[in-house]
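Peer 1: Please see the structure below; I have some questions.
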């Protein structure tokens with residue numbers, strides 16, 4: 001272990017513990033890669049399913065407000081209970097997704113960013129840099145009213161102004177004999193503007209250009225508002241900073257963007273409407289080869305608050321092996337990057353470049369360790385049958401050794 005003085009992290013980091021195999025790995029990461037090198041104040045919340053149940057989920061709410069207060073959270077993967085989990089843990093009720101609860105309290109946009117490692121094959125080999133998908137997690141199909149009708153009739157859309165002035169009425173369609181389906185959806189200008197701010201803040205931070213995709217040629221008013229508000233926020237609030245950093249912003253049609261993304265090498269932020277983001281984030285994750293190499297960062301519109309976590313689940317299958325006393329080969333990379341992304345933001349808020357530098361070094365050490373042929377089983381399988389692999393602790397040992405060397409330089 002290093003005898004060098006620990007690097008001081010000025011502000012606190014809110015730590016959200018989780019479940020199953022990721023909880024085991026999370027503690028190893030903290031004990032082997034974080035605490036030996038950093039003098040850090042951790043504001044700890046146990047979001048393990050039993051503790052959420054014991055506190056009636058109050059711990060999740062408290063954790064979210066702590067992140068709001070301190071500006072940085074790092075989160076371990078958690079169980080979102082279904083019927084089987086309610087039975088397994090004898091839960092009082094089927095608690096909501098902690099991620100949803102935290103997002104509702106903090107607001108903001110979720111950005112999913114792949115970790116690119118040169119010797120891990122990608123389904124899309126040309127993607128040599130990350131594509132970051134920012135998904136507008138509000139409105140559209142996800143807050144829509146939709147229903148079925150089984151007889152002929154008329155569908156009308158009515159907007160009734162709050163000031164009592166004349167309503168706006170659109171007769172949409174006459175439904176024929178056989179019936180059909182109807183969908184009414186909406187979005188709010190303020191939410192779109194906040195989404196734009198978060199997307200531009202992320203781009204500025206990562207030093208990558210930003211693209212927004214819509215279908216404004218068809219939805220002239222609806223998607224037109226996304227296009228116009230992004231343009232306005234960019235011109236008024238970000239253009240000067242973008243140009244100074246040599247960055248660009250562009251709106252593109254969704255079909256054009258999907259085609260372009262397959263041709264381009266990556267290295268940009270792709271701001272997607274709610275449904276597009278839902279679909280494209282999974283397409284992109286698969287294209288890079290592994291959810292085990294995908295980080296997820298929630299960033300608020302003002303760019304001041306960040307919560308980082310791995311984009312994968314709690315790895316239940318490995319946890320069952322672990323409970324049986326067998327070694328597992330669980331990929332810790334996305335969880336390590338949750339720590340590093342949180343630390344980078346903490347360093348930025350505090351004005352402590354040495355903290356940011358430590359986080360960057362840890363990231364490059366992780367990538368270099370895999371590129372040197374040391375990795376967990378999931379990555380070895382992607383490379384091929386000849387590739388050796390390490391168990392979880394051996395891989396973390398290899399990273400710790402390499403980090404030790406890197407920091408000594």
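If you go along the chain as it appears here, the first residue is 1 and each next one adds 1.
Heads up, the Cβ atoms here are built off N, Cα and C, so glycines get one too.
Remember, predicted model here, so these are calculated numbers, not experimental data.
I grabbed these lines from Swiss-Prot:
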type	residues	note
BINDING	75, 78, 80, 85, 313, 314, 315, 318, 331	NADP(+) binding site
BINDING	255, 278, 282	Mn(2+) binding site
MOD_RES	30	N6-acetyllysine
MOD_RES	129	N6-acetyllysine
SITE	142	site 'Critical for catalysis'
SITE	215	site 'Critical for catalysis'
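In the displayed structure, how are the listed features positioned relative to their neighbours?
Peer 2: DSSP classifies residue 315 (NADP(+) binding site) as coil under the three-state reduction.
DSSP assigns residue 255 (Mn(2+) binding site) to a helix.
Non-local contacts of residue 30 (N6-acetyllysine) by the CB criterion (under 8 A, 6+ apart in sequence, same chain) comprise 15, 339.
Contacts of residue 129 (N6-acetyllysine) defined by a Cβ separation under 8 A and a same-chain sequence distance of 6+ are given as 116, 265, 266, 267, in order along the sequence.
Annotation note: residue 142 (site 'Critical for catalysis') sits in a helical segment as assigned by DSSP. Within its own chain, residue 142 (site 'Critical for catalysis') has 274, 275 as residues 6 or more apart in sequence whose C-beta sits under 8 angstroms from its own.
Residue 215 (site 'Critical for catalysis') counts 15 other C-beta atoms within 10 Å of its own C-beta, drawing on all protein chains shown.
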Peer 1: How long is the line from the C-alpha of residue 331 (NADP(+) binding site) to the C-alpha of residue 215 (site 'Critical for catalysis'), rounded to the nearest angstrom?
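Peer 2: Roughly 38 Å, rounded to the nearest whole number.
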Peer 1: Rank the binding-site residues 80, 331 by how many other Cβ atoms lie within 10 Å of each Cβ and give me the one with the fewest.
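Peer 2: Counting other Cβ atoms within 10 Å of each of the binding-site residues 80, 331 gives the minimum at 80.
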Peer 1: Taking the Cβ of residue 315 (NADP(+) binding site) as centre, how many other Cβ atoms lie within 10 Å?
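Peer 2: Residue 315 (NADP(+) binding site) is surrounded by 25 other Cβ atoms within 10 Å.
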Peer 1: Can you figure out which of 75, 278, 282, 315 (the binding-site residues) comes closest in space to residue 215 (site 'Critical for catalysis'), comparing Cα atoms?
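Peer 2: So, of the listed binding-site residues, the one sitting closest to residue 215 (site 'Critical for catalysis') is 278.
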